[in-house]
Every structure is written in C-alpha cells, then in structure tokens.
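Following: one structure in structure tokens, then a few remarks.
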Amino acid sequence: LPLLLEATLVQLASGSYHPFYNGFYYNHLMNDKGNGQEKVDHFNGARLMVETPKDPVYSSNGANVTLPCHYHFEPDTEAKRKIRIKWSKLRDDYTKDQDVLVAIGKTYIAFGDFLGRAHLHQASRREASLLLSDVRLQDGGKYRCEVIDGLEDESDVVDLQLRGIVFPYQPPRGQYRLNFHEAEQVCQEQGAILATFNQLFQAWSEGLDWCNAGWLADGTVQYPIRLPRKPCGGLHLAPGIRSYGPRHRHLHRFDAFCFSSGLRGEVFYLEHPAGMTLEEAKQSCQDAGAEIARVGQLYSAWKFLGLDRCDAGWLADGSVRYPITKPRANCGPVEPGVRSFGFPSKGRFGVFCYKER
C-alpha cells in the first residue's frame, strides 16, 4: 500500500516541476532512498507495447466479465521491472476519465463505484487484465488500460458492451414532458438507464422504429426511423437516426430512450377473475414474495427470456402492458413487441411481478 500511495498521492513540494502527469507523478525520477537525490533512468532500448482486443467485449447486467490487457517489450527483456498499471473509464462527453483501478505488482486499489467490484487479473506473465464483477448498466463503455514503466507510458482501449434492449418511454402526463435530468430519473425508476447513441443505433438496426424524439445519455435528442413517412422527417429522407443535436438539459423537453439489460430474476403474470386495481396488483405481487415489475424488467423478460403473454397487466409506473413474442390474432400488431394500453385511471387487470433469484 505505501508503494501504491507513492504512485497516486505524491505530495507536491512548493515550486517543484513535474514534467508529466497521467494519474501518477514523476519528478524526473525519484529514488527509493528518500534522501532527495535523483536517479537518472536511461532508456534501455526496449519499447513497451500494450495490447487489448479490437472487438468489443460483451456482457450483461449482474454478470462477471474480464477486460483483457497484456503488455510486452520489443525486443523482449527478462529484466524485472517495476510496472504500474492504471485502468480508467472514458466518459462519453470527453471530460476527465473515471478512475477504476491502480496497481503496482500484485497490490491494487479500486475507486468509487468500482470499489469491491474491480480486480486485477494476472493469470499469465505480463497480463494486466481487469475483472469486473456484478456488472451494472452504467459499466458499459470504453476502458483504458495504461501501463507505466519508469518514464514510458503506453495504453490501449477496451470496449465493453452490454447486451440489452432500448425502449422509448413517456411519463403518465404525456408526450414531451421530460427535461434531460427527469429523463435520467424515469429510466432509473424503470430499472434502466438513458441509452447511448450506439445502443440506439443497434436497436434501430434490429428494427426499432419510433417517431417521437427522446433524450440520449450524451444530452442529444434523436429518434430511429425504419420506414420514412411525412410526420417523421419527410417521405424522401432515407431510413436512419434523426437527430435534433444537443438540447438544453433544463429547458427543453422530450421523451426518453431507456436501456435495460439482462435480469437477475424472473417476471411472471398473476391474474384474478375480476381483475385488480393498481394497488391490489402491488399487494398481490408482495403476497407472492415479489414486487410489481418495472417497464425495463418487462422489456428484458420479453427480449431475453421470451416472455409471451396475451393478457394486459399492471406495471410499477401505473401503465398497463403485455409482451408478445409470437404475434397472433387478438394480440395486437403483426410484429413482436411489448404492447401498451397507456396509463388507465380506471380498470381492472392482471399484474406482472418480478422476483429475484
């Protein structure tokens, strides 16, 4: 741990000069004796190389995943070297990277949301891989693996993509009522997060067609169109993602595109001969040792578990929906999907419940 603190928290002396900063401080190069004398590190002629996968690494909510990273020297050298490793997560808005883990040898420490979940994986020589346990929706994105050998610093990037589903969301009070921060909140309330552009593009490539504009995680407002039509940008525009660009996060109001991944439990349907009110539905789920399902959980169960039920049921936000994987008569349109009855103020229906495994 003292070595780790030396690497990450070196006290800056007044007026001292630091020629390089990448999360670690170097003052030319300090020796280990603490006597104030400097040690010159001559370039040894071996070039440091860092390698990560060029293809994305895929995972899902609640799973464990390893982000591979290896380093070597050209030409190879057997000399024992004091290597430092740093993992960080790149932000979509290109602001300062989020610290994930730093390490010297076998000693490492994780930071913030990654505390207790990020571990250094070194199963082979010169491996610097990152093991993430209990993957969360927010973990998707690009990660930088940085290896520091004295004054040499090389890095490469791993793209972690979560398998999931994008769904449009409107609140009970109607269309275009959410500013950016409210859109973030409603997605979280539905067991999801705001989708990224790449996630929306993937959903569009898989068939998502939606003519209402919604917020994305980067603060832009966009919507996916497969079948061009007049109210959706015009008849003569090609299919694609229509964009309003960045909008004011407090003043402008739209819908939201939410992203949900795999489930750690199951969604099941409860019915009553006379139907149930929303409050009765919540109680029925509790009596079954579960909770009323959220919209994101229903979409995930439909997408990944093949949930198919041609009976409308309450969800936690007060909406009534049902999932169809095999379209048939009297069960809505000819395409698979999650059907919605909106937010009925009256009526009696079944309920979709969610239970952790």
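Numbering starts at 1 and runs along the chain as it is shown here.
A Cβ is built for glycine as well, from the same backbone N, Cα and C atoms used for every other residue.
Nobody curates TrEMBL annotations by hand; they come from automatic prediction.
Annotated features in TrEMBL:
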DOMAIN    46-158  domain 'Ig-like'
DOMAIN    165-260  domain 'Link'
DISULFID  Cys211-Cys232  disulfide bond
DOMAIN    266-355  domain 'Link'
DISULFID  Cys310-Cys331  disulfide bond
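As a summary of secondary structure, the domain 'Link' (266-355) carries 21 helix, 26 strand, 43 coil according to DSSP.
Here Cys331 (disulfide bond) is positioned 22 angstrom away from Cys211 (disulfide bond), judged by their C-alpha atoms. In sequence order, Cys211, Tyr223, Ile225, Arg242 make up the list of same-chain residues 6 or more apart from Cys232 (disulfide bond) whose Cβ falls under 8 Å from its Cβ. In terms of DSSP helix, strand and coil, the domain 'Link' (165-260) has 22 helix, 30 strand, 44 coil. Cβ contacts within 10 Å of Cys331 (disulfide bond), excluding its own Cβ and spanning all protein chains shown: 15. Helix, strand and coil residue tallies for the domain 'Ig-like' (46-158), in that order: 6 helix, 59 strand, 48 coil [DSSP]. Same-chain residues at least 6 positions away in sequence with a Cβ under 8 Å from that of Cys310 (disulfide bond) are, in sequence order, Tyr322, Ile324, Arg328, Asn330, Cys331. Of all the Cβ atoms in the protein chains shown, 14 others lie within 10 Å of the Cβ of Cys211 (disulfide bond).
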